[in-house]
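*Asks:* Okay, handing you the structure first.
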Amino acid sequence: MVILEFLQTLLRNNPEIALFLAIAIGYWIGKFRFGSLQIGGVAGSLLAAVLISQIGIHIDSGLKTVLFALFIYAVGFQSGPQFFKSLGRQSLREVLMAFVLAISGLFTVLAVARMFHLDKGLAAGVAAGGLTQSAIIGTASSALEKLGLPLAQTQMLQGHVAVGYAVTYIFGSLAPIIICVNILPWLMKRGLREDALTAEAEQMQGMAVYGDGERPALSEFVSRVYQVKKAGQSVQQIESDHVTVEQIRRQKNLVAVTQDSTVEAGDLLLLFGHRADVISTGELLGEEIKQPPHDMDVVIVRHDVLLTNKAFVGKSVAECSQILSQVARHGVYFLGLKRGDKTLPLTSDLHILSGDIVTLYGTRQDVDRVAKELGSLLTRSLKTDLVFHGVGLVVGLLIGLIVVRLGSIPLTLGSGGGALLSGLLFGWYQNRHSKSGNMPMAASTLLVDFGLSGFVAVTGLQTGQQAVTTIMQQGITLFMLGVVVSIVPLIITMLFGRYVLQYKNTAVFAGALAGSRSANPALGEILNKAGNAVPTTSFAITYAIANVLLTLLGPLVVAFS
């Protein structure tokens, strides 16, 4: 008993401890599986926060704004390049997704309000919580003031908006996680991670980018050691078959490798290059050594180079190859070229532009030598450019302050929408100007994970006590109506996207579905399962549209319920 009183006092006086405790317990809960269902750390944090909130904790709402801004800015920054590339007629499906969910959400709310005789305040609250669109509280409350009702009745209805929101918000946050992360992959019969890799490979024009710890089973470049059977060939002759002789071992000693070096019978040669070229050249040289000496190994690096040398600008790849002598190119392989947000295959007639990023592959000394000829190495710094990203967040929050009025209805992106838009813009800019705005993937991942889990934990700590109390007072009916409002529009939109819009990629589809519900917690779990930022592009499009459409539901529910 003394321990419980101590914990209550501790958490009430130190809400920051309650916040981190909710996150820790939530991610622990999120690890458990119930059949094929795993709620994940974000939903777990929300449940843990609701449980902790029962002791009565006050936590500042400003913290929730900051955490969500960090989360959504990082999401926008990761997906900015692909987002702007996707805008156009090809994004029509995402627009339709957002409209279908908003319309089906409106009719679902009106149906349950009529069937169960909810007043306008409770109906609007169920819409706000069940659809997890907090802005509906504001627009519905403003609409209630325009009805000309007595002040006491207006205030009562506005209070009912908050009650309906508090009761239904928690499951409203869980529903899109369950549907997007568990039910949608079951419907599509494909996993999020597999389709995320497929979509990324298509965006990269066949050049797949693998997640941490993932590598292709069939590597494009290989190293093999062969024992020479017949003497007489020079290194230059061997390398004419598009391979590189990296090491020569004669008897028990390594010898210097030059273009004029002549190999002798019994020499061990370390060949490096494309798999097919190495195998075909090696078979002509002699027998492959299955267990080569350790001193023959070399370290291979892969680096991006920002092309700034004017001697290469405007030239084709073939012309650039001629400018770079064979000696300068020795041992270096060009993997690809990135221009803005597009990855281009290195064909002989492709013309080079200033600012292109070329990916080189070879030994460190060879890559460094060629990089000096082309421009400058783009080193992967572990430092985050906080000047760049601090300005980005300021710009986003300022955008969120802008209010446009549609009649009596105030429309605003809010801090979250503003930070998302700013993240998209700054991510796009950084992609085109790689020297500034660096943010390591680990740093942006931390912002996404901590920002989102912290946001939902603060929400749970703020509304959890009221939600449980209201359920006790109002009964389970209101909660179940929220379940219906949360699930039915998502199911309708999911089926519409699958069978009418013909979505084929599970990761892209999941992002679009989560965005059409403005379901930020669901996005976090989708990104966790996908392992890359592919779902964010479709999410960003539907989220921006849904943020406006769902906000407009407040006055419509008040008018027609």
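Just so you know, glycine gets a Cβ as well, placed from its N, Cα and C.
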*Asks:* Looking at 292-314, 315-337, 407-429, which one does Swiss-Prot call transmembrane segment?
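*Replies:* Checked against Swiss-Prot: transmembrane segment maps to 407-429.
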*Asks:* So, does the transmembrane segment (95-117) come close enough to the transmembrane segment (10-29) to give 3+ Cβ pairs below 8 Å, pairs being at least 6 apart in sequence?
*Replies:* no
*Asks:* Are there residues at least 6 beyond the ends of the transmembrane segment (95-117) whose Cβ is under 8 Å from a Cβ of it, and what are they?
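*Replies:* Counting only partners 6 or more residues beyond its ends, the transmembrane segment (95-117) has Cβ contacts under 8 Å with 123, 126-127, 130-131, 477, 481, 484-485, 488-490, 492-493, 496-497, 501, 512-513, 515-517, 541-542, 545-546, 549-550, 552-553, 556-557, 560-561.
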*Asks:* Per DSSP, what is the residue tally for the domain 'RCK C-terminal 2' (294-376) in helix, strand and coil?
*Replies:* 25 helix, 29 strand, 29 coil
*Asks:* Three or more CB pairs closer than 8 Å, sequence separation of 6 or more: does that hold for the transmembrane segment (122-144) against the transmembrane segment (63-80)?
*Replies:* no
*Asks:* Is the count of Cβ pairs under 8 Å between the transmembrane segment (479-501) and the transmembrane segment (63-80), pairs 6 or more apart in sequence, 3 or more?
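*Replies:* When sequence-distant Cβ pairs are counted, the transmembrane segment (63-80) does not touch the transmembrane segment (479-501), since fewer than 3 lie under 8 Å.
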*Asks:* What same-chain residues lie close to the transmembrane segment (164-186): Cβ under 8 Å, and 6 or more beyond its ends?
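*Replies:* Same-chain contacts beyond the flanks: 36-40, 42-43, 46-47, 50, 118, 121-132, 134, 136-137, 192, 456, 459-460, 463-464, 466-467, 470-471, 474, 478-479, 481-483, 485-487, 490-491, 494, 506, 509-510, 513-514, 517, 519, 521-522, 525-526, 529.
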*Asks:* Taking residues 6+ outside the transmembrane segment (63-80), which of them lie with a CB under 8 Å of any CB in it?
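*Replies:* The answer is 19, 389, 392-393, 396-397, 415-417, 419-431, 439, 444-445, 447-448, 450-452, 454-455, 458-459, 462, 520, 523-524, 527, 533, 536-537, 539-540.
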